Structures are given as structure tokens and as C-alpha cells.
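Annotated features in Swiss-Prot:
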type: ACT_SITE; residues: 165; note: active site, proton acceptor
type: BINDING; residues: 238; note: heme binding site
type: REGION; residues: 312-335; note: region 'Targeting peptide'
type: REGION; residues: 324-354; note: region 'Disordered'
type: COMPBIAS; residues: 324-337; note: compositional bias 'Pro residues'
type: COMPBIAS; residues: 342-354; note: compositional bias 'Polar residues'
């Protein structure tokens, strides 16, 4: 909303127009007990349908959420590299590229298909399901669902390995600066990047460990979620390899909204990793540390029990962009080359084992 205020200056009435900043999607909304993650590919010829449907997302959220506001329904729509130039003319996000597949000495982070990501969450699954259904119906005949995960809160925000997940999330101004693009890409200020991976856990191997051994894998105590002291924390502990700093030693953060999921009949126990960041380079350095090792070969011990089966990188534009997007590209317009070819080019980012 634009606020127009009448003031009197030097005897003259002047209208001062306050134009609000762009509205980001609800990246920083608190965790909820329920979530649905939808990954879609856009079929050939489906671009116009998807382009139109994306403009209706915020209206669908309002319409469904208004019926039961106490359930705090929200949704974040994100777009992948391969489909961006099929959907929008004009500028392209500076760091948008395909997910960087990693092949380490023992473990692999695969890249899997995905053009659109919908992160839908609420206090209960019913409104998530209703919104997901409406979104898919609005894109019927234009998209294919390639992955669908229904996540749930597990006790006090624990994963199915039994540890609290998301403790190190920033909050307040630090959360904003960790996720919102600024002057470095002014065409997309207020937007952010998001990585997703679906991990499946080997619960038989995990439960065979003692609690102390499990704590050494994670780097935290299991019951009360306290980080282990540096002198006892193993170098290959999960949290030790996820500390990323810049050249000045300042720790760089991402915002995780991970959710457990599972299917008992298939003995499937998993964690859906979803990490929002101002630049994809921070999350990519974390993944390099985990899968390739820091130093090389010192890989994340958690990967001996958790296998990544999907991987995607998407761009989460502002609400303003989605409500009024650039037009579709003209027929025959060649796709603009990505600003980066998928190489990590970390530059000033580095991992710090602690």
C-alpha cells in the first residue's frame, strides 16, 4: 500500500508519497507443524499457463487462509534456472544456475530435475493440501510433479535422528541480511535463493550407535541440544563442517526450514533440507565441506547414515515480482546464458572447522 501524507512546507501544501520497499515472500515465517514441498517440471508448451498461474498464487493463499486464519497458511514459490528464460523476459537473477552435483570420495549430492518449487506450510496439513491441490489444478496440463513430500513437526523441532534441527538459524536483522538480496543485484532486491535436498536415513545403522557416538556425529548433545566443546567435537561432525566465514572471519548464515517425513510401510525415514540464502555460494560451500571434505577427504560423518536422493537450486522472487511478472519472452528469443555455469567459484567464502 502506498501512503500519501499531506504536509505544509514554507506555507505550501505538499503531498509526500511513501513508497514501501518490495515485499519478500514469507521466507522468515516461523516453522509450522505441517508442510508440503512440491517440485514440478514445466512441460513444453506449458509456459503461458504457468506464467499466468504464478500471478494467482498470493490470491489463492489469501482465499484459503482467510477461512481459517489461525492455521497461518503461507507459500513460497521458487523458479529454477532452466525454466527462467522460458517464463520471463528481461533481466535474470545474477547467480541463478543449476544445482551443482557433487561426487565425493564416499558420498554423492545428486542434481535432480525441477523447474518450480512450492514450499507450503501451515499449522495443519489440511490447508496445505488444499493449496497444493489448487496450485496443481491451475497448472493442469502444463506441469509434471517430479517430487512431493509431506513434512511434519517431530516433537520439539527434532529430526527423525532424534536431534533438534535448526538451532543455528539467524533471527531478526541477521536473518534478513542472510536471505534478502540487496544492491549486489538491484533488479531482484528482496529476493533470495533456495537449495533443497531430500535425505533418507539408515535408521538401523543409526540406532546401533550409542548416544555418545550419535552426539559426536552431529556435534551437539542429544537431550538438551548444547554444542560440544571444540576440544571434544570431532572434525567431521556435522555442525563443524557447516560453519562458513568470509575473509574477515564473520560467520555467514542461511535460514533452514527442514522437516521430517516418512512412510512406515516403506521403512522410509527422512529429512527434507531446505535452505534459503542471499547467495547460493554459502550453501554450496557447506555442501562442498560435507560431501568433498574440509580439508578434502574429511567428509561429514552424518552422510554415513543419511543419503541425499534429490538436489535442486531455485530462486524465490518477491511477491511484487510474482504478482506482476515480466512478460513471456517473444517466440524464438534465445535463452540468456546463466551468469554462472555451475562451477562453485567460492571466492571469499571459506569453511572453518571448529
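Placed from the backbone N, Cα and C atoms, the Cβ positions cover glycine too.
A distance of 12 Å separates the Cα atom of residue 165 (active site, proton acceptor) from that of residue 238 (heme binding site). Cβ-based neighbour count (10 Å, all protein chains) for residue 238 (heme binding site) stands at 20. Broken down with DSSP, the region 'Targeting peptide' (312-335) shows 5 helix, 5 strand, 14 coil.
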